[in-house]
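Please read the structure below before turning to the comments.
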Amino acid sequence: MSHKKPLKRRRHTLPLHVIAIIVGVFMVIPVFYALLGGFKDNSELSGNPFGLPSEWITANYTDVLGSGSFWRQVWNSTFIAVVTTVVTVGLSALAAFVFARFAFRGRELYFTLFTAGLMFPFAVAILPIFVLLRTFGLLDNPLGVILTQAAFGLPLTIIILRGFFRSIPGEIEEAATIDGCSSFGFFWRILLPMARPAIATVSVLAIVGSWNNFMLPLVVFSEEASWTLPLGIQQFQGQYASDTARILAYLILAMVPALGFYAIAERHLVGGLTAGATKG
Amino acid sequence: MTTLTKGPEALRLPAPAPATTRRGRWVTIALFLLPALVLFVMLVVAPMLVALYASVFRWNGFGGLPTNFIGLDNFTRLFSSEIFAQDLWHLLVLVLLSICVQLPFSLAIAMLLNQRIRGRALYRVLFFAPYVLSEVITGVLFSLILAPDSGMANQVLSVFGWESEWLANPDTVMPSLFLVMTWKYFGFHMMIYLAGRQNIPNELIEAAQIDGATGWKTFRHVTLPLLGPTIRISIFLSVIYTIQLFDLVWILTGGGPSHSSETMAVTMMDWGFKRSQVGYASAISVVMFALSLVFALVYQRFVMRRDLEGAVTSQGGRP
């Protein structure tokens, strides 16, 4: 009995392994193709799409790494993502604090207004937003992207944070108040540190959302100096249309920050997305 | 020391306090809420209303608010437009393919990775990874892979004597687009299903197995019904996403060849930004909004009703 069971299980899981490996191969092939293709020249790429390069050419990668525009795009994307996240999470935390711990007239109305924001598709507002940003002179200004992204990030962030703030017992607030803490003091010194896991989750969501945003920067930025990475990739593809190997190298290098961030923040990302998904 | 001397004083104070604290409370509420509210109203609510307003004007987007009122002309023009009819058809195709192919596939893989097989943690990370990459990276990568002459897909398939034009042929462009969408998004749905599966107590599964249910029967009669709420949400997200689909199409095909993969958002951007017909483009966005809204209301009313009721009774109100 004791050694029969594992045997049975092993036979049972063999097809599962096969399926998982096949799906895994299909997921990995495009990325490996790009990774190896970046080390080939174009003539070899069209004759030998898969095999290892006959000669490892590093010029495609080093050219991209040596170009100012790539690094400027990485910097622009990083800057916009970080500031967007600070604004989104900061404003949401303040609002969520009020929604979670104050009773006042109109509270449910305001909260419903924000939750209704989950229903507003971004694409619907893009034209008026463009006109609005142009009126305020915010085109080709990172602030135009940051503020818009933050505004659209508010609903989900407020909903998640409010839920978390509510779960912190009222006794803690009473104790803090008796010790002479103001509302803001309680918020800043006690609530926010306690809410660190929730803050991490919504921050990761905001960073990824901003990093991958394409439609808004596409509309707002016309000057190359302010391009983010997605805009740069699209432009690079247009510019080097026939130089596939070089585009592949660019793609691989552009993947590195996103995949690196995924590796670091995996738990928060997955937790945040599943929480965000079911709350949306 | 200080707490000892201050403590009783603070306890004695409340009598005169309320008047000032009440005003202080309102100031706190206003200060905390206003920044978010102002930003939200200015950049989310107002643009939505402007889009609604602009949709009944002929407007090129310049010079203050539009003045050339044309009633519902933009909408009648839109509904009689062949391209828009195609957009709706593409939406339907992608939604059906997602619900009938992509989501069952995601569910199957989630169930597979729920088994104790070796390397499942690695598979989870791997299958979810494309979701983290931007649509632009995915789009450019696959536009190179699916390129008709030099693309990797055809180079490999030509060995078996089978090639396709993929994105270049109106007949194959939608399946190809769906293929790329599945590559990118199935991991996301898989993760939602895995999370939903973890919320099902293992006792229920074990009880079914003790009662003699085989693997498939357990899944069919125990796991699947209990995953119901998760599946319904995943369908909901998939449809709402497809209504607004833009980035991937814009990069992969630009809506072509000859509008055969165009989506509503692509048509909207085309008229709004390339041809400066902002009024007409606004009408398209209003229809997108209406579709999302009607779908959401109908879906929540008729499909997710039970789930929401459950949420109300167990949590004492929706979050």
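Placement of Cβ uses the backbone N, Cα and C atoms for every residue, glycine included.
Remember, TrEMBL labels are computer predictions, not curated facts.
According to TrEMBL, the protein carries these features:
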type     : residues  : note
TRANSMEM : B:29-56   : transmembrane segment
TRANSMEM : B:88-113  : transmembrane segment
DOMAIN   : B:88-299  : domain 'ABC transmembrane type-1'
TRANSMEM : B:125-147 : transmembrane segment
TRANSMEM : B:173-195 : transmembrane segment
TRANSMEM : B:233-252 : transmembrane segment
TRANSMEM : B:278-299 : transmembrane segment
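Among the stretches B:29-56, B:88-113, B:125-147, B:233-252, B:278-299, the one making the largest number of Cβ pairs under 8 Å with the transmembrane segment (B:173-195) is B:88-113.
Of the Cβ pairs linking the transmembrane segment (B:278-299) with the transmembrane segment (B:125-147) and spaced 6 or more residues apart, fewer than 3 are under 8 Å, so the two regions do not touch.
Long-range Cβ contacts of the transmembrane segment (B:29-56) within its own chain (Cβ-Cβ under 8 Å, at least 6 residues beyond either end) map to 65-66, 69-72, 74-75, 278-279, 282-283, 285-286, 289. Same-chain residues lying 6 or more positions outside the transmembrane segment (B:88-113) and placing a CB less than 8 Å from one of its CB atoms are 120, 123-124, 127, 174, 177-178, 181-182, 185-187, 189-191, 193-194, 197, 219, 223, 227, 231, 234-235, 238-239, 242-243, 245, 261-264.
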